[in-house]
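Asker: Just passing along the structure, written as structure tokens.
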Amino acid sequence: MGPYQTSIPVHYYEINNHRQASPVAILNYLEEAAIRHSESVGWGIEKLLANSRGWLLTRWSLHMQKYPQWGETVNIETWPYKFERFYATREFRISDREGRVLGAATTLWVFFDLRRKRPVRIPPDIYDAYGTGAERMVVDEFADLPAIDEPDSKLEFRVRLSDIDTNDHVNNTKYVEWLLETVPLSVHKGFLLSSVEIAYKKETSYGSTVLCGIKETEAGERQTTFLHIILDRDSGTELARARTVWQKRSKI
């Protein structure tokens, strides 16, 4: 079975001050493509919820060469690479209307019983409906990301009602939105986010307060790298950790 393909326009409210789609917008496009794919094979949101099932994202690995501009259309191809017990690996290719590759991503999902709140085996019907593709866009074995001993700085965020998705969890892109807010303004102005890897550890809920820490691990003229951690402020529970790599704007 071939890749699922869909096109998404870049809206004004999704761009930054460089008139480019933001990294969070790109992740939203990929999530939208995955949902459209699931709807097309008969395993959309309504069917999953009717069976108290859902897909929970555990890992993102996004790599961008170039960001699309306001008014452009992004073409996304996506396919499952592998199903294994509770887990599914999904790949993404991001390109412009002329077919030039803008970026790529790989993701790891767990099939989840929403009522019992635990992973369940992926049924054969899903294997048959989706099929699998042979190509990996990003070779990532999803090894543990480094922890932060002592962050350089921290910011707090309160979980809002608008952060909650159809699984009654905080949407995965909100974590990326929070951690990007901790990156210094000078980096946002002079660099582009070329890659983001994030590992989701625990869920959080409406009304909670999260604490986002950041630590710079590489500070070069052409490239800078940060490690990130997201904690529940009150319990100290680790919710997610991430790594972002930023390239000088002339590089991309």
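Just so it is clear, glycine is given a Cβ too, placed from its N, Cα and C backbone atoms.
Automatic, uncurated: that is what TrEMBL annotation is.
According to TrEMBL, the protein has these features:
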type	residues	note
DOMAIN	4-130	domain 'Acyl-ACP thioesterase N-terminal hotdog'
DOMAIN	152-248	domain 'Acyl-ACP thioesterase-like C-terminal'
Asker: Counting by DSSP, what is the helix, strand and coil composition of the domain 'Acyl-ACP thioesterase N-terminal hotdog' (4-130)?
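Answerer: DSSP composition of the domain 'Acyl-ACP thioesterase N-terminal hotdog' (4-130): 34 helix, 58 strand, 35 coil.
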Asker: Which numbers of helix, strand and coil residues does DSSP report for the domain 'Acyl-ACP thioesterase-like C-terminal' (152-248)?
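Answerer: Summed by class, the stretch gives 19 helix, 50 strand, 28 coil.
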Asker: Take the domain 'Acyl-ACP thioesterase N-terminal hotdog' (4-130) and average the pLDDT across it for me.
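Answerer: Looking only at the domain 'Acyl-ACP thioesterase N-terminal hotdog' (4-130), pLDDT averages out to 96.
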